[in-house]
Amino acid sequence: MKHFEANFDGLVGPTHNYAGLSFGNVASLSNAAAVSNPRAAAKQGLKKAKALADMGMVQGMLAPQERPDLHTLRRIGFTGSDAEVLNKAAKQAPALLRACCSASSMWTANAATVSPSADCRDGKLHFTPANLVDKLHRSIEPITTGNILAATFNNDKHFSHHQHLPEHASFGDEGAANHTRLCREYGKPGIELFVYGQQATNPAAPKPTKYPARQTLEASQAIARLHQLDDNNTVYISQNPDVIDQGVFHNDVIAVGNQNVLFYHQQAYLDTKNKLAEIKQKFGDSPLHFIEVPTNKVAIQDAVKTYLFNTQIITLPSGEMAIIAPTNCQENEAVHAYLQEVVTLGTPIKQVHYFDVKQSMQNGGGPACLRLRVAMNDTEVAAVNQHTLMNDVLFSELNNWIDKHYRDRLSVEDLADPQVLIESRTALDELTQLMNLGSVYQFQK
Ligand SMILES: N=C(N)NCCC[C@H](NC(=O)CCC(=O)O)C(=O)O
């Protein structure tokens, strides 16, 4: 049986905009009210996904969400026709309208936590959509995320879909952005690393003082129970609260793992020495590479600005590993120098490829935010909805679809325009046919 790690990238939605919605995320706040280009954003993401497929990787796409979210606007009391709801929300509560228009589901690292079948007691691949309760605009994602995941991984024999965790701060869950997996081979049991920012039931435990810690230990433990993970293959690590306060709002802004490589910043965790020892002991005898980037080579500020750690580390069919980095890393002298050095360190990482994903970066989402990793064997890949898998046909269909429906300029003022809603629904309705998803959106029910 063959094993792969597939990447499912989030297709950027037609309302991609800069609304400054994410306190603690430096890029989101500093680009608030900038004018976005949804068409360029969607094409940048699609190009990266296609490039990975062309490198021989299994690559899928996850559909975006319905925005503006009229269902939520009505749920919070705006009434009348769709146009009236938008108009009233724009006048009476513009901040709420902006929250209901974000294309934030593009960052599918936050869609769910995924545990491959080799790690789970029942031998199924498990998905739990993230509740994303820390941010209003993201807290409205999980139900539709669950619908889209179920339509994409639509086979009960192989895939187990859970409901998102209770919608309370005690269970703040940000999905795969705070979870990584180390393994010898994708199809063999691995070590699942859960990184949390605070403990809800232990207020005395360290936590940040300026910015929110989005992930709780209690949420991570709940996911491990749901996914039937073995304690001997699970490690919980506390994020360093000081770096959260410097803009590291998710662990994937400061660390990334792949197979037997953990690439992380010296300041990423608390109790680093003991935790690395626990990982090593649980991983067993085979070689494990801890690539620690010291502060004197890359400052936290540069890591946050360039997203050096929000890179993807992928294993190419040749067995070599490659780093998929945003072009922002090339533009920073220290980070670029480090990436030139990393391929010479005698670790499995031998290549670096750069992609322009600036439309997403300006909202704090790098290459790794844009993808959900799903390690699968070939039987499981065959059980996936095949219309979601990247190839020349889907690439060309999606490019044409973007050209047909997406604007190349969108400001926050445009969000109240009923025409934006019509365009977005028309596009998504067509997309569900193209990707054979059925009725995953509220407006289709
Ligand atoms: N690190 C990972 N895995 N994902 C990045 C998510 C970025 C996202 N930005 C936003 O939601 C900004 C939206 C706005 O301000 O318009 C967030 O903060 O949740």
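From the backbone N, Cα and C atoms, a Cβ is placed for every residue, glycine too.
Heads up, TrEMBL stuff is auto-annotated, nobody curated it.
Spatially close to GLU174 (active site) yet at least six residues away along the chain are ASN110, ALA130, LEU132, ASP134, ARG214, GLN215, HIS250, judged by Cβ distances under 8 angstroms. Residues annotated as active site in TrEMBL: GLU174 (among others).
According to TrEMBL, the feature active site maps to HIS250 (among others).
Within 10 Å of the Cβ of CYS369 (active site, nucleophile) there are 28 other Cβ atoms, across all protein chains. Residues or ranges marked as active site, nucleophile in TrEMBL: CYS369.
Annotation comment: TrEMBL describes 19-28, ASN110, 137-138, ARG214, ASP252, ASN363 as substrate binding site. Within 10 Å of the C-beta atom of ALA27 (substrate binding site) sit 22 other C-beta atoms, taking all shown protein chains into account.
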Between ARG138 (substrate binding site) and CYS369 (active site, nucleophile), the C-alpha gap once rounded to whole angstrom: 14
Where among the binding-site residues ALA19, LEU21 do you find the Cβ with the fewest other Cβ atoms within 10 Å? LEU21
Could you list, ordered by sequence, which of these recorded positions: PHE23, ALA27, GLU174, have a Cβ under 6 Å from ligand 1? none
